[in-house]
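Shown next, in structure tokens, is the structure this report addresses.
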């Protein structure tokens, strides 16, 4: 039985041609959400990829972003425990009927190539008994599924409308010697404290990324090599940017990872990306890694001679093929790491640095390549920040100002809101994404459309009550603000008040309950006379009658007893304040 979910309407010869014409594919990594307590604890935990933003899983924004850029091949790597739920979601929302050209392949983290023999500690689940392993090892494990250059993406990304994936890929395409293009962004104030603080060095004139250094553990003095300063005199340093974990990578980066033992690989962000950046300007690394990252391409004369019955293609002066390489290969065979390089540093030492472990064998004949002035590589950076407000929104509203729109509909005016890149990899980020969604409902068009839907729904429910004598799902006596979202199948009792809230599907809101600024997932019950403010309640939660809840986050299945008074708590099912 196949373990992948794939959608492809193409058939015959056109199918192969469509795939071959794709110069990039997307690889989406689904993690465990270590920074999302209490959402990641307890029973029936939801995958981080399926965290609802406006009742829509956050991974939808990532997949839609990829498909909008014209990419067809998508590989999603997911932990085994979340595979079934994610596969069912993708099957339902990205079927062949709705997305005929998409090829979405979902793989468990255990389905890639086996790790190196003798690396017993690299097996999944051995490290700390958690089943979590580094992203660099995962990417290496699935290298045979990645056939082209690729963009590596997190599953919890919500890009701003001003940033298209096409613009990022075009920036990478515009510089043929670019191995990596990374995206950095200015975080919004509400999530800054939860973001990793890093020092970023970049050249604004050439858009080159030159250094990523975590601020934690940094000494007071920063040392920069003269080679870096002399080659980039316009270098600038900043700590205001965060890493979006969006990496456009050349396919040969996987070849570089192949020279590394599996157990030595950990994080792409903390290990591989910084060394790629350093190798872009440090000559020593550039010379050692150039045959792998920037190999000689196959020559058209060599391809023709390879089909000759009387000529040895490797003996031709025009050939870049070695005797052991395939005429259909794009580059020369890969040099391997030095055997036993890790052991030479001493039995008690830690794992060698990425630099030492990827030194090519000195017996390999790379001097010829160096003498030919092998072109190095570069690491590019794209910085995204909110667009400045339009001129009209900056004009003061004095006595002589335009009074159009003032009056009854003052709260429904279009107000400029900065459009930030936000990730749902922390509670602060998840809160901000939902607040951002609610703000879209607060705009003139969004609020009026939502208000129309709520009113229409109430009228339908009232007519059903008149015809059948049964209570309506949404009581006409309830109060629901236009900047709130009510999910399908949700019941709202009499005199219930809901303001600036996102209510999931099949929830039950009791009589006289009051909710303000809350996010409720599916199948949540709020009993009568409860008061809830600025709180997230995960699926199957229950809030007892006359409870008073404020500034809390509750995990899946959490139940608050009747009359409970909770403030500023983060609790999972079975846990008491």
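Placement of Cβ uses the backbone N, Cα and C atoms for every residue, glycine included.
Residues annotated as compositional bias 'Basic and acidic residues' in TrEMBL: 102-112. Counting residues of the compositional bias 'Basic and acidic residues' (102-112) by DSSP class, helix then strand then coil, yields 3 helix, 6 strand, 2 coil.
What TrEMBL records for 113-123 is compositional bias 'Acidic residues'.
Positions annotated as compositional bias 'Low complexity' by TrEMBL: 308-329.
Residues annotated as compositional bias 'Polar residues' in TrEMBL: 340-358.
What TrEMBL lists as domain 'Nucleotidyl transferase' is 26-189.
Confidence over the domain 'EIF2B subunit epsilon/gamma LbH' (475-551), given as mean pLDDT on the 0 to 100 scale, stands at 96. Positions annotated as domain 'EIF2B subunit epsilon/gamma LbH' by TrEMBL: 475-551.
The annotation region 'Disordered' is assigned in TrEMBL to 102-130 (among others).
The feature region 'Disordered' is assigned by TrEMBL to 306-358 (among others).
What TrEMBL lists as region 'Disordered' is 386-412 (among others).
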Residues in the domain 'EIF2B subunit epsilon/gamma LbH' (475-551) grouped by DSSP into helix, strand and remaining coil:
0 helix, 30 strand, 47 coil
